[in-house]
Amino acid sequence: MARCSLRADNLCFGPRCPSATTRSSVLPGSFGAARPSRLASKGGAKFRVFSSIKERQGVKESERPKGVNPGGAGGLRVDGLEKAEVVSGFEGALGEEREGGGEVGFDWRWPPWKNLPQRYKLIGTTSLAFVICNMDKVNLSIAIIPMSHQFGWNSSVAGLVQSSFFWGYALSQLPGGWLSKIFGGREVLKFGVLVWSLSTALVPVLAGFMPGLVLSRILVGIGEGVSPSAATDLIARSIPLEERSRAVAFVFGGLSVGSVTGLLLAPPLIQNFGWESVFYIFGLLGIGWFAGFQLIKEESEGSTASRSISRSEDISTNNSIPSSLGDLAGNLKDVPWKAFFENQAVQAMIYVHFCGSWGHYTCLSWLPTYFSEELDLNLTEAAWVSILPPLASVFVTGVASQFADNLIANGVEITKVRKICQTIAFLSPAVCMTLSSIDLGLAPWEVVGILTGGLALSSFALSGLYCTHQDMSPEYASILLGITNTVGAVPGIIGIALTGYLLDSTHSWSLSLFAPSIFFYLTGTVVWLAFASSKPQNFSKRD
């Protein structure tokens, strides 16, 4: 017994249709009792006919009923006598077929994401990876307190352990971009998640051995460091230009969700199960993501997304794995490094990325202490207040991406859109930090509200700076992000330590925390407006 699949786009209704005799000839006597099923779809109504076919082997080509066109574009089409094509993609939803049955069946679409385009599945799982990424980044900032008490660490040792993450993070940016260019962002992202998840789960085992603990945190930094470039490459290869702002915002917005989730989950886990639990549980989440990501297939070349990308921009999709170290060295040599650094727009991206990271990393590390010491909040209040900026960023990210994509869809020049978004991302926190630095007699909750609003609006950078790499060169987007993110990781190494040094020297939060950030935000805005460009660049190899 076999199934026949009839689709409504092959049926004709109205005065131009063939005669009823012609249409009815689809069901000759050799077919058993037909069972039609009307199905709804985006493209219009679809029909399935389940039939038993007797002595199928005896039907010759010359005996095929008139009006049945197996592969043609017009007339009626019967898809696959040997293998049924179920229009909803859900095989066997009606149970076992019985010859001569006449009941009407339904297709249940479960799970709900089953029929989503593959590019949406890739973006969704990539965003989830970034949620886990920041969960594994913030867990140590909370667990370091009980760990310091247990192992007798002073502030210098605790600072060494925390900063070791940024050593690996900075070192892996360029290699991550290069590997994403060669192997594809999808493969590099899988590798990164697996490395940082296994290293996170090993922290409790190595905590009593300082070299091993530092090495594990460096590996966490390496795994997380290759991920932004990998995600950038994946987006550049999978997402059409008109959807790119939302895709970037959705993926990198997972970092804010991860910060909130980690800050919410870590304290109760530590209180009830010990500090070791956050590393084991968060590490297992990443390993589970790695296993699940294997089920997500890449979009085929003939898909809608692929055709849209190929129409809008020229991008190489050759991710063949080099066969030898010589091939790897050749690929590395072929990258136009000199052309990158001679380009003014790339130079602007490098400096602006540094400026944005300075404000982000210093505030991420020092705001809880600022809330506690300067605003006289207790530790519990300071911890909850620290969640507000990343929580607000989640909502601002969605607004910013929609704002940017709408401007582009309405014909606004892409460079102008990126400049507008990045200007909002820099001037907003600069103004809010200035207001917080001046003694205006504001209540603590008012200061918290001002800082939260300013830092949340800095998420406009996801529709500004973070889209520009792909706008300039989809082919080298991952490498460009690797370059700028390497420089952007420097504030995590020196900015956090310098803020503490200035705080000990001046005893002023305004001078130590806010003044440097304001300086970089303002100068970064000037550089961005003067030199930034989203025009496609032809980086010819000149070195």
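Every residue gets a Cβ built from N, Cα and C, even glycine.
Automatic prediction, not curation, is the source of TrEMBL annotations.
What TrEMBL records for 122-535 is domain 'Major facilitator superfamily (MFS) profile'.
Sequence annotations record features per position, and here TrEMBL assigns transmembrane segment to 151-171 (among others).
For 191-215 (among others), the entry in TrEMBL reads transmembrane segment.
What TrEMBL records for 247-266 (among others) is transmembrane segment.
Marked as transmembrane segment by TrEMBL: 278-296 (among others).
Beyond the transmembrane segment (424-442), the same-chain residues lying 6 or more positions past its ends with a Cβ under 8 Å from any Cβ of the stretch are 355-356, 359, 400, 450-451, 453-455, 457-461, 464-465, 509-510, 514-515, 517-518, 521-522, 524-525, 528. Annotation comment: TrEMBL describes 424-442 (among others) as transmembrane segment.
Per TrEMBL, the feature transmembrane segment maps to 448-467 (among others).
According to TrEMBL, the transmembrane segment annotation covers 479-503 (among others).
For the transmembrane segment (509-532), the list of distant contacts is 344-345, 347-349, 351-352, 354-356, 358-359, 362-363, 366, 370, 374, 415, 418-419, 422-423, 426-427, 429-430, 433-434, 436-437, 464-465, 468, 495, 498-500, 502-503: same-chain residues at least six beyond its ends, Cβ to Cβ under 8 Å. The annotation transmembrane segment is assigned in TrEMBL to 509-532 (among others).
It is 247-266 that, among the stretches 151-171, 191-215, 247-266, 278-296, forms the most Cβ pairs under 8 Å with the transmembrane segment (448-467).
In the predicted structure, the domain 'Major facilitator superfamily (MFS) profile' (122-535) carries a mean pLDDT of 84.
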